[in-house]
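**Student:** The structure is given below, and queries will be raised subsequently.
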Amino acid sequence: MRWRTLLLQYCFLLITFLLTALEAVPIDIDKTKVQNIHPVESAKIESPDTGLYYDEYLKQVIDVLETDKHFREKLQKADIEEIKSGRLSKELDLVSHHVRTKLDELKRQEVGRLRMLIKAKLDSIQDIGMDHQALLKQFDHLNHLNPDKFESTDLDMLIKAATSDLEHYDKTRHEEFKKYEMMKEHERREYLKTLSEEKRKEEESKFQEMKKKHENHPKVNHPGSKDQLKEVWEETDGLDPNDFDPKTFFKLHDVNSDGFLDEQELEALFTKELEKVYDPKNEEDDMVEMEEERLRMREHVMNEVDTNKDRLVTLEEFLKATEKKEFLEPDSWETLDQQQFFTEEELKEYENIIALQENELKKKADELQKQKEELQRQHDQLEAQKLEYHQVAFCQKIMALKKISGALLKACVFVTYFIVVKL
């Protein structure tokens, strides 16, 4: 009797299991919603110091070359014409093997960097099948035909490219600053259009008031004049203005003691003058304009003093400049607030360009929105099909399980009946 009871219990458990299976809802995981919990940080790229896209490569090559005593001596004695002509590049054949090896490695790294830039650009426009080696031709600061060896041709190309680019640097900077000022004025005018007549008058009045406040500053000494340098001598160097000596002044401000005043060392001399006009705490003072003023001062002094145009001021050039009449009796210096950067016609033309760009962006945004809506429609359609498929599959599964459970139930009843009757 005990084994019969066990058999009945087994049949009951089997039927219970089948009924539970019929009621169970299949679980479907949407893998498209699984997100990566460890996002990769995008690489942070530091801005170059000079604006040259090969700035780091240029500085590294110079640093390596200066470790060779022979080349360093040649570089110090060479004038700008000798450097530009390429004669200095031929001295590369005389540097040590160790230096050449380092230069070879720097060039390989630079070529690798340029190839990565090319690949990133091509990937962004989904272009394939391009010859990266051929595309290296667009870079004129190295010889792309020999990507593994740094030769005299590479040095010559690097010098010429850097010289040319730096000569155009100031012009490019002026154009960018002009665009900055036009954008500022454009945004101001656009903001005024959003205001009521009364509010507009208040804003205009505030604008003129801030403008006058900014213009109300002490007199700015002419950059590079005796008065300007004596002010630095007294207030920055803490020396008696009556003891001002140009030669001593030069050596004091040749910070790296290389015998030259470079652009950065010159720009540092104008801080006192700039502080008369700009204060970061004042709402009316624009720090972008302050840096432009600093660069204008440096550019002016370079034009006056740097006679060989190598972007470095020697002691000899500096002393000669102090003998000029302009050094003792300079003209007054016009600060940026005394100048007009653009005409109304130029501003209108710039606004037209902005309008065209905005229209293009709007078109692209509309296209992207349409693509998004189409993708959403396709997604909804797929989801509906998926749901319909699951419902059909679920119904088929229920029918199959019902058939199986019915057959098993009959089998259990028959077996139970047979056992009871026979025994």
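A Cβ is built for glycine as well, from the same backbone N, Cα and C atoms used for every other residue.
Any TrEMBL annotation is an automated prediction that lacks curation.
Quick paste from TrEMBL:
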{"type": "SIGNAL", "residues": "1-24", "note": "signal peptide"}
{"type": "REGION", "residues": "194-225", "note": "region 'Disordered'"}
{"type": "COMPBIAS", "residues": "194-212", "note": "compositional bias 'Basic and acidic residues'"}
{"type": "DOMAIN", "residues": "241-276", "note": "domain 'EF-hand'"}
{"type": "DOMAIN", "residues": "293-328", "note": "domain 'EF-hand'"}
{"type": "COILED", "residues": "347-392", "note": "coiled coil"}
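Explain the structural surroundings of these features, please.
**Tutor:** Nonlocal intrachain contacts for the region 'Disordered' (194-225), taken as residues 6+ away from its ends with a CB within less than 8 angstroms of a stretch CB, comprise 188, 231, 269-270, 273, 276-277, 282-285, 297-298, 300-301, 304-305, 321, 326-328, 330-333, 335, 337-338.
Taking Cβ pairs closer than 8 Å, the domain 'EF-hand' (241-276) reaches residues 76, 217-221, 223, 226, 228-235, 290, 293-295, 297-298, 301-302, 311-315, 318-319, 322 in its own chain, all 6 or more past its ends.
Counting only same-chain residues 6+ beyond the ends of the domain 'EF-hand' (293-328), those with a CB under 8 A from a CB of the stretch are 79-81, 83, 166, 170, 173, 222-226, 246-247, 250-251, 259-263, 266-267, 270, 273-274, 277-278, 335-336.
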**Student:** Would you mind giving the whole-number mean pLDDT across the domain 'EF-hand' (293-328)?
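**Tutor:** Summing pLDDT over the domain 'EF-hand' (293-328) and dividing by its length gives 90.
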**Student:** With helix taken as DSSP H, G or I, strand as E or B and everything else coil, how many residues of the domain 'EF-hand' (241-276) land in each class?
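**Tutor:** Output for the domain 'EF-hand' (241-276) reads 25 helix, 2 strand, 9 coil.
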